[in-house]
Amino acid sequence: MALYSCCWILLAFSTWCTSAYGPDQRAQKKGDIILGGLFPIHFGVAVKDQDLKSRPESVECIRYNFRGFRWLQAMIFAIEEINSSPALLPNMTLGYRIFDTCNTVSKALEATLSFVAQNKIDSLNLDEFCNCSEHIPSTIAVVGATGSGISTAVANLLGLFYIPQVSYASSSRLLSNKNQFKSFLRTIPNDEHQATAMADIIEYFRWNWVGTIAADDDYGRPGIEKFREEAEERDICIDFSELISQYSDEEKIQQVVEVIQNSTAKVIVVFSSGPDLEPLIKEIVRRNITGRIWLASEAWASSSLIAMPEYFHVVGGTIGFGLKAGQIPGFREFLQKVHPRKSVHNGFAKEFWEETFNCHLQEGAKGPLPVDTFLRGHEEGGARLSNSPTAFRPLCTGEENISSVETPYMDYTHLRISYNVYLAVYSIAHALQDIYTCIPGRGLFTNGSCADIKKVEAWQVLKHLRHLNFTSNMGEQVTFDECGDLAGNYSIINWHLSPEDGSIVFKEVGYYNVYAKKGERLFINDEKILWSGFSREVPFSNCSRDCLAGTRKGIIEGEPTCCFECVECPDGEYSDETDASACDKCPDDFWSNENHTSCIAKEIEFLSWTEPFGIALTLFAVLGIFLTAFVLGVFIKFRNTPIVKATNRELSYLLLFSLLCCFSSSLFFIGEPQDWTCRLRQPAFGISFVLCISCILVKTNRVLLVFEAKIPTSFHRKWWGLNLQFLLVFLCTFMQIVICAIWLNTAPPSSYRNHELEDEIIFITCHEGSLMALGFLIGYTCLLAAICFFFAFKSRKLPENFNEAKFITFSMLIFFIVWISFIPAYASTYGKFVSAVEVIAILAASFGLLACIFFNKVYIILFKPSRNTIEEVRCSTAAHAFKVAARATLRRSNVSRQRSSSLGGSTGSTPSSSISSKSNSEDPFPQQQPKRQKQPQPLALSPHNAQQPQPRPPSTPQPQPQSQQPPRCKQKVIFGSGTVTFSLSFDEPQKTAVAHRNSTHQTSLEAQKNNDALTKHQALLPLQCGETDSELTSQETGLQGPVGEDHQLEMEDPEEMSPALVVSNSRSFVISGGGSTVTENMLRS
């Protein structure tokens, strides 16, 4: 009894659910296996005020949907095709139960409850107890629904009973969640790919400022949220984002329209269905808001509600996504066969006919056939059509031609959703076929068991659907992934206005391959696109104008990232594309061009051989080498002349060789620096200069020691010979070699490409490795130069031909000036000028040394040969000896006078302070009558005229002073064939000064030829005072002797010999000889 009651309860519930749909709102046919279907035959329902004062009535569906009816027809066509096919489910018949969802969740749930209730009744096996005459088989799978929001509600209910649901148009990514929607599958791609494709299109057209509108349901919200994520990754900014629905009130619609009208974004992304978007489009059309580009999701990209000719000035040029079109052979003919009298199992045919031909079908002979008893239910609970607008239409004849009317129903050129429906039915049929052909032991269930096709249950079909794999009629592989999604691609369509009938047509302008590599997924044929206003030019939808190549986008504070200012790339960076977000840095050896659009190779700069500056320095260096070689050649050719001998020939040769090295070392600083030139140039320069200065130092110090030595002994001759001189030069140079060796071993210099000095130039320079080592190298050179300068300055009063002191002093001054100036110049320059400064310093110092030390001698050798003689050298030496002796005499005379003054002084005459070079024509001592009166010799008497003394005119007698005057003294000195006479005059009585002549070292005295016979060379004689007219010969002195070449004169100890010069009462005197005149002022200096 309990089971019987339960049977009637469930049967009543099923009957109520079925009766909610009138006979004209169902399509149903018997079969061995029943498939359910949910299709939007209407776009919505009429809103009624449910005050609950009477029994609530089922809502009335309004606004017929021709596309929805075509989708329904696709399901029926697929079932009939399968039933007639011997390959699929032979000996079995598929039936169907199809309901109208009216594009609402409530109507969809009514139909779903009917499926669930009928399945529950069937699962109880109540037929034997209930004796039900009208048994309705279970619905083992449901095809539908359309909208994602509707499918979400249906899937939640069907999933409780594991009834498979295969949707043909619900693309929301939320439905991929298998934890929530266990039995949901679909033959349409996931919206996640569609959102990515939308972002790719916006990026393709270089838009970055868009608005978004989404349906306020499970389709629009997830879709637009995914789009925001993709847009953010591509730096696409969203100006506004609004939610709408077909039930939005007027105020909400007005507010959204105001936002669209005031926005500067011209591209609007819409994730919505046609019914949800329609109210908004109508208001935009009313306000005539044009110039917008609509980016349509698949749900409304081909919606007949929006694609209306009267809306084209607003929605024309829309870019939308369409599912890949499929081919259904025979479907066109099937659509044309629809007729209310022939389609006995399709309760929707009557309304379709009336809506197509705008007429009204009467019941009876002329009307449609009575519905099948299987569809008959409680009419009072069904939808009442008495209030339908069709009641006021003209009567239909039933002879109307469906092919003569243009409706979306007959638009089968691009079968997208219809093909998805077709594919969904075939998917279920192939799952049933797998069950039908299952071999025990290989099945999908426990122990490889198989389901019974005659008693198959919904959950068993779901299991086989998840493992489905078959080939469609188009040759494509059909299989569902773990999320129940079917792989698929999108076609990109563009809304055009047909020139033939003025309708909106959808032209395919590209495609989007979901599974291609990133960057290769999107293809668009720009030439086929027609934009809003029939324009072919891509619209501008950016917050800011494009930043051209050479600039980058700069963020404006407080504005979205898409609102930016164009900032020029800094030097050294470039951008070669429009709207670059950042400038790329040029490689190290490159620099940005003037427009910063690309990088060009940096200019390589170094002190080149071919540039004017390098050529000039090279010419000066070559000139220095040539001059040095010329001087060396002159010295070698005239090596036996007195001047060359007097300058120490061997050291001079070595000095000239070092100068050649100095000039040559400057060439290592010119040309592109290489590692080997960098390692060689500083040591070559340092060692060459140290060798040069060492030669000058040893040479100058040797002459100084010889002339200042009181007794030149064999010790001097031994230790100041050539061996010691070269040893000292080597030791001084060896120290520099050690410094260079340590430098090259610890931190060797190397070539270096300097990018930091100037942006557009690479300076190839030498990195010195260690500035400290360079400092030691130059410092040691300067130390030797300072010592050399000290000795040169100390020997500045030596005989002119030995002395090179004046010129050495000048050369050292030049050397110090050059290198002192070099330090700040070196520190303040960079690049190739560093090498140039050092080359200039090397050349200047080298030329200074060469000119000061050698040019004067070369000039005498070549142009003044008369001065390059033994006599000239000896006279110069004699002048130096006289000068030293006279200075000593004057100094001692002053000391004696100071002592006499301290004892009371004398009554002599005032000393004369004038010294002149004149002949003594008056005898200053009249009281003494000389035996012979002679005229004094001229003060500057050359060796030649010294042999032929001029006769002296008689002196004029002068009155004798009362006091006794000292005698006048005249001394003669013989040098070989020359005679030098000097005179001393005394005017201070009773004063005696004694001076000893310093020992001298006469070298390089050549024998003079006299009648082809060698004359003996005689040394300097000691000076003695005698009578006025006395003449001392060399024989009387006993000190004469030959002096050979490079032979040193041995002198007695001055303390044991007679005074060299005795001057009595000395105050005023003149010493002349050898072309020189020594005065009192000179002796006092």
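We count from 1, first residue shown onward.
Quick reminder: no glycine exception, Cβ is built from N, Cα and C everywhere.
Here's what Swiss-Prot has on this protein:
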type     : residues      : note
COMPBIAS : 893-938       : compositional bias 'Low complexity'
DISULFID : Cys61-Cys102  : disulfide bond
DISULFID : Cys237-Cys562 : disulfide bond
DISULFID : Cys359-Cys396 : disulfide bond
DISULFID : Cys438-Cys450 : disulfide bond
DISULFID : Cys543-Cys563 : disulfide bond
DISULFID : Cys547-Cys566 : disulfide bond
DISULFID : Cys569-Cys583 : disulfide bond
DISULFID : Cys586-Cys599 : disulfide bond
CARBOHYD : Asn91         : N-linked glycosylation site
CARBOHYD : Asn131        : N-linked glycosylation site
CARBOHYD : Asn262        : N-linked glycosylation site
CARBOHYD : Asn288        : N-linked glycosylation site
CARBOHYD : Asn401        : N-linked glycosylation site
CARBOHYD : Asn447        : N-linked glycosylation site
CARBOHYD : Asn469        : N-linked glycosylation site
CARBOHYD : Asn489        : N-linked glycosylation site
CARBOHYD : Asn542        : N-linked glycosylation site
CARBOHYD : Asn595        : N-linked glycosylation site
REGION   : 23-189        : region 'Ligand-binding 1 (LB1)'
REGION   : 791-806       : region 'Intracellular loop 3 (ICL3)'
Cys599 (disulfide bond) in three-state DSSP notation: strand
Nearest recorded site to Cys586 (disulfide bond) by CA-CA distance, among disulfide-bonded residues Cys438, Cys450, Cys562: Cys562
Same chain, 6+ residues apart, C-beta under 8 Å of the C-beta of Cys543 (disulfide bond), given in sequence order: Asn208, Trp209, Cys237, Asp239, Thr264, Glu559, Pro560, Cys562, Cys563, Phe564
Residue, out of the glycosylation sites Asn91, Asn288, Asn447, Asn595, whose Cβ gathers the largest set of other Cβ atoms within 10 Å: Asn595
CB contacts for Cys586 (disulfide bond) [other CB atoms within 10 A, all chains]: 22
Residue, out of the disulfide-bonded residues Cys102, Cys359, Cys396, whose Cβ gathers the largest set of other Cβ atoms within 10 Å: Cys102
Spatial neighbour of Cys102 (disulfide bond) that is closest, considering only the glycosylation sites Asn401, Asn469, Asn542 and their CA atoms: Asn401
Distance, Cys583 (disulfide bond) to Cys547 (disulfide bond) (CA atoms, angstrom): 12
Proximal residue to Asn469 (N-linked glycosylation site) among recorded positions Asn91, Asn401, Cys566, Asn595 (C-alpha distance): Asn91
Residue from Asn91, Cys359, Asn489, Asn542, Cys599 whose C-alpha is spatially nearest that of Cys438 (disulfide bond), among the recorded positions: Asn91
Rounded distance in angstrom between the Cα atoms of Asn489 (N-linked glycosylation site) and Asn542 (N-linked glycosylation site): 29
Rounded distance in angstrom between the Cα atoms of Cys450 (disulfide bond) and Asn288 (N-linked glycosylation site): 63
Cβ-Cβ neighbours of Cys563 (disulfide bond) (radius 10 Å): 18
Close in space, distant in sequence - Cys566 (disulfide bond), Cβ under 8 Å, 6 or more apart: Ser544, Arg545, Cys547, Leu548, Thr551, Arg552, Lys553, Gly554
Least buried by Cβ count (within 10 Å) of the disulfide-bonded residues Cys569, Cys599: Cys599
